[in-house]
């Protein structure tokens, strides 16, 4: 009997990027944010056209900064983006202890922007929920899919609780638990039917007390004479064609029952007219004298010596 346990998967709670620490002048934020979005669009377009986008954008930012300074507005950078390593002049996103341009805070696996929703952290990197589970959640031994919520541990493997069932009949396991064979779980009924040794008498599984005889095992109540179904109280039995027999029915099957007394002939046997006799019972029916092969006569199913036969018949 093996043990199993079901516990929640230790998945970290999704995190949310921190809001800006303070809100500067609204008009300046909107202007710088627009410039940031324009920067992303121009970068995408410039990659295909071979335009030196980085230089163009730096010039635009420098020009904007000078114009603001002439108006008496000093725009101090909000930080340095952890992705592109450039100053953040507009909206700033704070996550994982660092600052980012909102459009640069993306999933480390698929590249999707994470600024508007929850994310998961692993090894100092951010992941969207789907990619986090695909890369880091434990896998179910049955379906190989990631386990997102409750996890069941059994047979040194992890499973979705709904995927841990009998490998033969597909039924879920109840209070009786399960039995294991070759790394697979089975209910008790199927395990016994498939793997338990079978009784030579009734062919049902042998689960507890048994006898070993005739190159097989038997329920104690099934090891009886094949003919009369009586047990072997003396502890001895006779074997014929792989089956057990009591002495009487063994000799009866062998044709060695004395025609006169009806008991088995276990020693010297005389066979005459297709019948077996104890030597002491092979006698003349009339005078009871011992008969000898070749010197008797048969009448009906009875034997006579030659003189008695001549006298009577």
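Here the Cβ of each residue, glycine as well, is placed from N, Cα and C on the backbone.
As written in TrEMBL, here are the features:
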REGION    1-23  region 'Disordered'
COMPBIAS  9-22  compositional bias 'Pro residues'
DOMAIN    79-138  domain 'LIM zinc-binding'
DOMAIN    139-196  domain 'LIM zinc-binding'
DOMAIN    197-256  domain 'LIM zinc-binding'
DOMAIN    257-313  domain 'LIM zinc-binding'
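Note on the domain 'LIM zinc-binding' (197-256): mean pLDDT across this stretch is 81.
Secondary structure by DSSP for the domain 'LIM zinc-binding' (257-313): 10 helix, 19 strand, 28 coil. Secondary structure of the domain 'LIM zinc-binding' (139-196) per DSSP (helix as H, G, I; strand as E, B; remaining residues coil): 11 helix, 19 strand, 28 coil.
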